[in-house]
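In what follows, a single structure is set out as structure tokens and then discussed.
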Ligand SMILES: CC(C)(COP(=O)(O)OP(=O)(O)OC[C@H]1O[C@@H](n2cnc3c(N)ncnc32)[C@H](O)[C@@H]1OP(=O)(O)O)[C@@H](O)C(=O)NCCC(=O)NCCSC(=O)C[C@@](O)(CC(=O)O)C(=O)O
Ligand SMILES: [Mg+2]
């Protein structure tokens, strides 16, 4: 079954309280952060803490990622080596700007897997795109390695690199968000939308979540457990939609057995794209336990 990545909750890897409690809130994914939420002084101690957490805490069904430091920093390679040895299987690479950035990580992972006796390709990559250059290269980043299971958008750094302020309407983000969705769709991987930093602005957050769904993202990076419910509500089909999708699939199966490829159901045409959409709804609904 396809993994749901509706919510990816950032948790600073220097905060034991948050690290222990993160899965209680039931995000689909947890991203332990070693990059921007961690000061230079704490880089080594946060990595050590995360190793302990990976070895000792049961995070249940949550998919675990670590946002390592970029490989061009003094910390990146050490982060990847130490954490994979401790059991990490998903690396989020910040500041992914070119296919070469992903290829460099891919090669490092191949070496580490060999050293640890792991199967080649065990560790997956999520390419975090957060600069103008990264957005321009999104298609190449998305297909740079078979390890890439998704690409994400980081609007805080992106607006900085294009010299814009982040606005409530998000006009400055529109092209980049769409380009990332298209690149992910063409590669057959997930696109994950940006964080929304104002944890007290519920209305603004809801609008941004709605537009993320409308644009085609699979989910959203978030920074606070209070943001989980809004995202899950938007990205989970209702029971009614799921039942309707099942009827569509059943109807087309019956039609196909009679040699028909297109039919009418409740006065609406059902053809291949409608069926594909219905299958996606059923898949999401099953993953979320609705069906
Ligand atoms: C914002 C705040 C400080 C507020 O803290 P506060 O303590 O005031 O919040 P409260 O409301 O008081 O918390 C109530 C209870 O929830 C617990 N609780 C809160 N947050 C929790 C959490 N995340 N995980 C588990 N537990 C949590 C808390 O421990 C407390 O538990 P308890 O004491 O037991 O009651 C906090 O949330 C936080 O640190 N967030 C993560 C920040 C972070 O990681 N930033 C980096 C990633 S973005 C970035 O880098 C930009 C990017 O790179 C992105 C890209 O590229 O994608 C780009 O460029 O765009
Ligand atoms: Mg960033």
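Here the Cβ of each residue, glycine as well, is placed from N, Cα and C on the backbone.
Summarising the annotation, TrEMBL assigns domain 'HpcH/HpaI aldolase/citrate lyase' to 6-225. Marked as substrate binding site by TrEMBL: 67, 130. Taken from TrEMBL, the feature Mg(2+) binding site covers 130, 157.
Features recorded in TrEMBL, as mapped to the structure shown.
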residue : record                 : Cβ within 10 Å
67      : substrate binding site : 27
130     : substrate binding site : 24
157     : Mg(2+) binding site    : 18
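For residue 157 (Mg(2+) binding site) paired with residue 67 (substrate binding site), the C-alpha to C-alpha distance reads 15 Å. The secondary structure of residue 130 (substrate binding site), as reduced to three states from DSSP, is coil rather than helix or strand.
Taking 67, 130, 157 as the candidate binding-site residues, the subset whose CB lies under 6 angstroms from any atom of ligand 1 consists of 130, 157. Averaged across the domain 'HpcH/HpaI aldolase/citrate lyase' (6-225), pLDDT for the predicted model comes to 98.
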